[in-house]
Amino acid sequence: MAELLRSLQDSQLVARFQRRCGLFPAPDEGPRENGADPTERAARVLGVEHLPAVNCKGGGAPANGLRRAAAPEAYVQKYIVKNYFYYYLFQISAALGQEVFYITFLPFTHWNIDPYLSRRLIIIWVLVMYIGQVAKDILKWPRPSSPPVVKLEKRLIAEYGMPSTHAMAATAIAFTLLISTMDRYQYPFVLGLVMAVVFSTLVCLSRLYTGMHTVLDVLGGVLITALLIVLTYPAWTFIDRLDSASPLFPVCVIVVPFFLCYNYPVSDYYSPTRADTTTILAAGAGVTIGFWINHSFQLVSQPAEPLPVIQNIPPLTTDMFVLGLTKFAVGIVLILLVRQLVQNLSLQVLYSWFKVVTRNKEARRRLEIEVPYKFVTYTSVGICATTFVPMLHRFLGLP
């Protein structure tokens with residue numbers, strides 16, 4: 001078993017997958033391990049081979065398929081793409097497990113499909129992501145070595161690898177959606193199962209193709225998520241009704257996540273993991289508070305009771321498509337405005353309180369500034385998405 005686990009964690013296995021998919025290091029990158037700068041070599045000795053990345057300028061697809069990707073410190077990794085089908089397939093698949101997808105898909109589900117589904121998706125997504133993020137900074141397993149692996153995502157290089165939270169989130173979203181719709185909508189179960197498997201598989205394979213995770217990281221993420229779904233499924237209906245359980249519910253929803261964010265495991269160096277975790281927990285808290293507001297003050301029509309309700313999925317018409325896009329555009333604009341306003345205001349207050357020079361980007365990384373401003377900002381975003389956007393839709397006559 002130990003030998004199997006070591007083989008699944010081997011960077012060479014990831015490198016072979018990349019080569020089979022047509023992704024190769026540029027010829028001058030071969031001996032990089034011996035020629036790496038002292039800082040990078042020292043980091044590898046410590047088991048930390050993902051130092052903060054630098055920004056790469058430029059874009060597009062250079063001649064002969066030569067591209068540039070960010071890597072540790074001043075090292076700019078070059079690579080050659082020989083199969084653009086796999087390149088774009090896995091780049092798009094990787095995006096399906098990133099923040100941009102979730103801040104569009106989850107609100108769209110709430111505004112245009114079924115608030116009941118969006119609530120379940122968000123609750124499970126927050127739980128899975130928090131456990132995955134914390135596990136990374138507790139286990140501190142390094143990402144695949146480069147070389148031999150080509151790394152395509154510069155922002156995540158500073159994070160640890162095990163488990164893959166992309167794999168966890170994709171699996172959680174796909175199978176929570178499948179389980180929650182089985183007894184609520186009428187559609188072929190096999191079709192839903194195939195779509196869930198394809199979605200999660202593409203995201204998982206993209207983590208290997210982009211060189212950000214080992215096979216063991218990905219399998220660990222999938223298995224942890226499957227276990228969490230099995231363990232929490234009996235309580236899903238109970239969780240759905242928690243917003244009416246006690247008048248102290250909103251206080252708990254704010255205090256507990258903030259405590260978890262402020263007491264996040266300490267890392268040996270700065271990485272975006274704590275900030276991302278705060279964003280996720282705060283958004284979940286805001287959404288939950290928004291549902292509580294809707295339930296308590298009847299500001300927005302509530303979703304149907306979480307009981308089996310068989311519904312036919314209506315055909316997609318032009319009118320429905322235009323209406324959905326309009327509601328989505330209106331909602332996203334309001335969310336972005338609220339996000340920018342609350343972020344600027346909270347940063348100004350915190351900078352003044354801690355006597356920090358305005359626009360000091362390094363100051364944003366301080367625990368006492370990063371956690372409060374992120375938490376306040378994304379809690380506001382969650383409340384806005386679930387309460388104020390639907391109210392605006394109703395005011396504008398968008399059903």
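Note: Cβ is positioned from N, Cα and C throughout, glycine not excepted.
TrEMBL entries are annotated by machine, without manual review.
In this model, the domain 'Phosphatidic acid phosphatase type 2/haloperoxidase' (119-233) carries an average pLDDT of 88. Summarising the annotation, TrEMBL assigns domain 'Phosphatidic acid phosphatase type 2/haloperoxidase' to 119-233.
The feature transmembrane segment is assigned by TrEMBL to 85-105 (among others).
Sequence-distant contacts of the transmembrane segment (117-135) (same chain, six or more residues past either end, CB-CB distance under 8 Å): 102, 106-107, 109-110, 162-165, 168-169, 172-173, 176-177, 180-181, 184, 221, 224-225, 228-229, 232, 236, 239-240, 260, 264-265, 273, 276-277, 280-281, 283-284, 287-288, 291, 303. Marked as transmembrane segment by TrEMBL: 117-135 (among others).
For the transmembrane segment (156-179), the list of distant contacts is 50-53, 70-72, 94, 96-98, 102, 105, 117, 120-121, 124-125, 128-129, 131-133, 135-137, 139-144, 192-193, 195-197, 199-200, 203-204, 206-207, 212-214, 216-218, 220-222, 224-226, 228-229, 233, 269-273: same-chain residues at least six beyond its ends, Cβ to Cβ under 8 Å. Marked as transmembrane segment by TrEMBL: 156-179 (among others).
Outside the transmembrane segment (185-206) by six or more residues, the chain places 89-91, 93-94, 96-97, 164, 166-167, 169-171, 173-175, 177-178, 218, 221-222, 310-313 with a CB less than 8 A from a CB of the stretch. For 185-206 (among others), the entry in TrEMBL reads transmembrane segment.
According to TrEMBL, the transmembrane segment annotation covers 218-236 (among others).
What TrEMBL records for 248-266 (among others) is transmembrane segment. Residues of the same chain lying 6 or more positions beyond the ends of the transmembrane segment (248-266) and with a Cβ under 8 Å from any Cβ of it are 130, 134, 137-138, 242, 273-274, 277-278, 281-282, 284-285, 288-289, 292, 367, 371, 374-375, 379.
The transmembrane segment annotation in TrEMBL covers 278-300 (among others).
Away from its own ends, the transmembrane segment (320-338) comes close to residues 104, 107-108, 111-112, 314, 380-381, 384-385, 388-389, 392-393, 396, 398-399 of its chain (Cβ-Cβ under 8 Å, at least six residues beyond either end). Residues or ranges marked as transmembrane segment by TrEMBL: 320-338 (among others).
Per TrEMBL, transmembrane segment is recorded for 375-396 (among others). Same-chain residues lying 6+ beyond the ends of the transmembrane segment (375-396) with a Cβ under 8 Å from its Cβ atoms: 107, 110-111, 115, 254, 257-258, 261, 278-279, 281-291, 293-294, 299-301, 327, 330-331, 334-335, 338-339, 342-343, 346.
Under DSSP, residues within the domain 'Phosphatidic acid phosphatase type 2/haloperoxidase' (119-233) fall into helix, strand and coil as 82 helix, 2 strand, 31 coil.
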